[in-house]
Amino acid sequence: MLDTNMKTQLKAYLEKLTKPVELIATLDDSAKSAEIKELLAEIAELSDKVTFKEDNSLPVRKPSFLITNPGSNQGPRFAGSPLGHEFTSLVLALLWTGGHPSKEAQSLLEQIRHIDGDFEFETYYSLSCHNCPDVVQALNLMSVLNPRIKHTAIDGGTFQNEITDRNVMGVPAVFVNGKEFGQGRMTLTEIVAKIDTGAEKRAAEELNKRDAYDVLIVGSGPAGAAAAIYSARKGIRTGLMGERFGGQILDTVDIENYISVPKTEGQKLAGALKVHVDEYDVDVIDSQSASKLIPAAVEGGLHQIETASGAVLKARSIIVATGAKWRNMNVPGEDQYRTKGVTYCPHCDGPLFKGKRVAVIGGGNSGVEAAIDLAGIVEHVTLLEFAPEMKADQVLQDKLRSLKNVDIILNAQTTEVKGDGSKVVGLEYRDRVSGDIHNIELAGIFVQIGLLPNTNWLEGAVERNRMGEIIIDAKCETNVKGVFAAGDCTTVPYKQIIIATGEGAKASLSAFDYLIRTKTA
């Protein structure tokens, strides 16, 4: 199951175990059970602190296995294959169970240990999902730290019947105590906040105690990370707040145009950015979103950022780097069937539609790439483009047109998502040339029509254009003194990762120039 390189790496990790780990498998006669048995046996051979045994009498999913300590039944369970993107989740579960500490903040770990209540989590994932590991790892860690928290990570490809029965049409999909809990990427902090009543209030109280910053960067994607590094290198008090470190690149799989890095993945790049930021004295505030900007009353005064949790942070200068989010179609049925057939991530959710008919909305690079990827999984793909021609690179268009199970419809205006009350069953569109209405029967709709800036919270505070982008000059200055902006949330042309990082650096230098030239009020 594991090649020589993987075994060598895993053996090195297992040397960090400080207490014994037991792998308890519950198997049947399936081929998948045989694979898991082989995998666990190989892992046990790599360390004298790891043992493996079978107990097929347990009333749990088959095949599955528990990662625990001898004499205990506490710990995370994997049902199905833990390979692909989830192999890292498996390795971390082994380390945490074996006594190796998590890198999460001690205050958060203590909060998890003291959560009062019984919670049985189930997370459905796909092996190609790059968003799933964050959720699986967060819940695995919680199950290691708190005996009243159980977690089973379930491979949707192995347990397809459960995917169908529960109408899971997007991953990661999390259930707690048998009820839907959440869909999509969630951080450990966000999960804890949802089950630990009072956590948000405590977080706000703690943030309110923080001293004013010289520069506070709102948004922790590439632009925000670059701004934080450049600011901290100037020796000024720097804060960096955001909902999730990495921002939109966490939803990007392959990145091949970040100069000097021939190929990487969004999560890897986000991780590298975090490591770089952590090299400097930056106060990183995770899982916090801004709800309002209150500009300083006088030049040189303190600007205020109100957070969604109710906290107020103050700073002499602000850099807004809140990025953008997926654009919606804004048609009837889209909201109702979001995660029930309407999705925005072909890499995460594509495997859930294996053998089914789907549509991709949008003929730009992202839409055409999605259609190409999906064509190798699903029965049939219909790509609908609003304009008379696709905007994707010609090499991508040529590849798409070569695929036999893909139809391309131009001048198509999507008008409605059709459903049966629980899931998507079709799509309605209007031919923009003839005006005729057409219906397509399908199970999934992948929306790839661009991005919208995350700037609604700035209403009335800074000038924005009709698209909602923050209007900036060549130095990333807004119309408000001491407030700067960078990246995809601004009017800067071409929304690219490398451009965002450059703009973040520029905004930081401009903010520093403002600080040294402006007398404190």
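Numbers here mean position along the shown chain, with the first residue as 1.
Backbone N, Cα and C atoms are what each Cβ position is placed from, and that goes for glycine too.
Look at Swiss-Prot and you will find 214-229, 478-488 tagged as FAD binding site, backed by similarity to another entry. Marked as NAD(+) binding site by Swiss-Prot on the basis of similarity to another entry: 357-371. As annotated by Swiss-Prot, disulfide bond applies to CYS345-CYS348. The N6-acetyllysine annotation in Swiss-Prot covers LYS53, LYS354 and is backed by experimental evidence.
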Where GLY363 (NAD(+) binding site) falls in three-state DSSP terms: coil
Nearest-integer angstrom distance between the alpha carbons (Cα) of GLY363 (NAD(+) binding site) and CYS345 (disulfide bond): 15
Position of peak Cβ density within 10 Å, selected from the recorded positions VAL218, CYS345, CYS348, ALA486: ALA486
Lowest local Cβ density (other Cβ within 10 Å) among binding-site residues: ASP214, GLU369: ASP214
GLY482 (FAD binding site) and CYS348 (disulfide bond), distance between Cα atoms, whole Å: 40
Spatial neighbours of PRO222 (FAD binding site) that are distant in sequence (at least 6 apart) but have CB under 8 A: GLY247, ILE249, LEU269, LEU273, GLY487, ILE497, ALA500, THR501, GLY504
Cβ packing number for ASN365 (NAD(+) binding site), 10 Å threshold: 15
Distant-in-sequence Cβ neighbours of ALA371 (NAD(+) binding site), under 8 Å, six or more positions away: VAL360, VAL381, LEU383, LEU400, VAL406
Whole-number Å value for how far ALA226 (FAD binding site) lies from GLU369 (NAD(+) binding site) (Cα to Cα): 28
Which listed residue (LYS53, LYS354, ARG357) has most other Cβ within 10 Å, given these are recorded positions: ARG357
ILE361 (NAD(+) binding site) to CYS345 (disulfide bond) - Cα separation in whole Å: 12
Between THR478 (FAD binding site) and ARG357 (NAD(+) binding site), the C-alpha gap once rounded to whole angstrom: 47
Fewest Cβ neighbours within 10 Å, where candidates are the binding-site residues GLY363, GLY367, GLY482: GLY482
Cα distance (Å, whole number) from LYS53 (N6-acetyllysine) to ARG357 (NAD(+) binding site): 42
Cα distance (Å, whole number) from ALA486 (FAD binding site) to GLY367 (NAD(+) binding site): 26
GLY482 (FAD binding site) - helix vs strand vs coil (DSSP): coil
